[in-house]
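Student: Not my notes, these are from Swiss-Prot:
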- Asp92, Ser93, Gly94, Gly95, Phe96, Asp146, Gln190, Gly217: substrate binding site (BINDING)
- Asp92: active site, proton acceptor (ACT_SITE)
- 248-254: region 'RNA binding' (REGION)
- Asp267: active site, nucleophile (ACT_SITE)
- 272-276: region 'RNA binding' (REGION)
- Cys305, Cys307, Cys310, His337: Zn(2+) binding site (BINDING)
Amino acid sequence: MSRLQFQLQATDGAARRGQLSFPCGTVQTPTFMPVGTYGAVKGVLPGQLCDLGAEIILGNTFHLFLRPGLEVIADHGGLHGFMRWNGPILTDSGGFQVFSLAHRRKISEQGVTFAAPTDGAQVFLGPEESMKIQKVLNSDVVMIFDECTPYPATEDVARDSMELSLRWAQRSRDAHDALDNDAALFGIIQGGVHPDLRGRSLDGLQAIGFDGYGIGGLAVGESESERNVILEYLHPRLPTDRPRYLMGVGRPEDLVESVARGVDMFDCVMPTRHARNGQYFTGFGTVKIRNACYARDVDPIEQGCGCPACVGGYTRAYLRHLDRCNEMLASMLGSLHNLWYYETLMANMRAAITAGTFFAFRRSFYLARGLDPPPLP
């Protein structure tokens with residue numbers, strides 16, 4: 001039996017408010033998962049993540065397998081002990097990272113052979129290997145091993161990729177069960193931007209049976225409208241008693257629009273990556289701190305923000321100075337701000353769904369940016 005219990009608590013249109021319960025903690029949904037690629041969210045301590053409102057984080061199976069390796073992580077009793085995070089952890093399967101290697105990989109029915117980016121050594125990864133790795137990591141949510149369909153892709157290419165992922169899904173399920181792993185196992189819906197293929201993928205995954213469903217193969221170059229069409233197609237077809245995870249999609253606008261279309265879980269490197277590039281998220285848009293207009297600006301990043309950077313009184317001028325000097329404190333403070341913004345955005349959406357005011361919240365979100373909300377179906 002899976003260690004995950006999911007409870008759907010409220011809906012407002014397609015937007016869903018729920019709770020994921022694990023032995024190590026509960027997660028309120030919709031939720032945003034900070035990304036700890038190498039076992040750490042860049043520049044942020046685990047205790048700080050908790051203070052910012054994060055309840056679950058993502059670890060990267062592919063990178064942790066290559067470095068430091070499973071033996072080191074096993075010495076710590078798994079990823080929780082290794083990175084000193086006591087809450088739930090979701091690990092991806094490594095499929096997307098293998099996809100990103102492009103010309104350095106070879107895909108077969110059995111799995112993927114690739115040149116490791118660390119030392120060039122030939123490495124094989126398939127469904128069984130991915131499940132074994134994630135068992136050692138001892139994550140609370142395990143993702144199946146799949147092929148991320150490229151974009152653009154013809155319908156024939158997308159179909160072949162989706163069908164391969166379905167065969168790998170069955171092997172992932174079998175391997176996960178054979179390992180007696182009580183972590184939740186999520187399937188991943190593929191099919192490119194072709195709704196009928198997405199539907200076939202979902203049907204096949206439901207026939208196998210999973211604890212939740214990831215929506216993969218998006219945020220790879222498709223337009224926002226193409227993505228929304230897929231989400232709108234899947235929403236009435238997905239089981240209501242299972243969490244839905246949109247993988248790798250992370251602009252604030254994307255989160256709002258995807259919650260409006262029934263998504264429960266998100267992850268993205270954007271908050272910390274943008275902070276390292278001097279871009280800070282606010283309710284009125286993005287502050288690009290490298291612009292000259294901030295050179296003598298004594299305001300915080302955003303008035304009324306509760307993050308350590310803004311509450312601490314660090315001014316835009318100071319942050320710009322740090323950024324221009326390549327001082328690591330700039331990216332640390334920026335990451336704290338951006339993650340606070342994301343977690344607060346999710347908390348505000350949860351409250352609005354519970355109150356039945358999500359679509360009023362959505363309108364105000366766009367109006368604060370001087371924009372009109374995009375149309376909903």
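These residue numbers are counts, starting from 1, taken along the chain as shown.
Glycine is no exception: its Cβ is also placed from the backbone N, Cα and C atoms.
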Student: Please report how many Å separate the Cα atom of Phe96 (substrate binding site) from that of Cys307 (Zn(2+) binding site), as a whole number.
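Tutor: Taking the Cα atoms only, Phe96 (substrate binding site) lies 32 Å from Cys307 (Zn(2+) binding site).
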Student: According to DSSP, folded down to helix, strand and coil, what is His337 (Zn(2+) binding site)?
Tutor: helix
Student: When you scan the chain for residues with a C-beta under 8 Å from the region 'RNA binding' (248-254), skipping those not six or more beyond its ends, what do you find?
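Tutor: Answer is 32, 96, 218-219, 224, 227, 266-271, 281, 341-342, 345, 365.
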Student: Checking distant contacts: for the region 'RNA binding' (272-276), what same-chain residues at least six beyond its ends satisfy Cβ-Cβ under 8 A?
Tutor: 34-35, 41-44, 286, 331, 333-335, 337-339
Student: What does DSSP assign Gly95 (substrate binding site), in three states?
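Tutor: The residue in question, Gly95 (substrate binding site), is helix (DSSP, three-state).
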Student: Of the residues in the region 'RNA binding' (272-276), how many are helix, strand and coil by DSSP?
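Tutor: Summed over the region 'RNA binding' (272-276), the classes give 5 helix, 0 strand, 0 coil.
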Student: Looking at the binding-site residues Ser93, Gln190, which sits with the largest number of other Cβ atoms within 10 Å of its Cβ?
Tutor: Gln190
Student: Please work out which residue of Gly94, Gly95, Gly217 has the most C-beta neighbours within 10 angstroms of its C-beta, and give that one of the binding-site residues.
Tutor: Gly217
Student: Give me the Cα-Cα distance between Cys307 (Zn(2+) binding site) and Gly217 (substrate binding site), rounded to a whole Å.
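Tutor: So the alpha carbons of Cys307 (Zn(2+) binding site) and Gly217 (substrate binding site) sit roughly 33 Å from each other.
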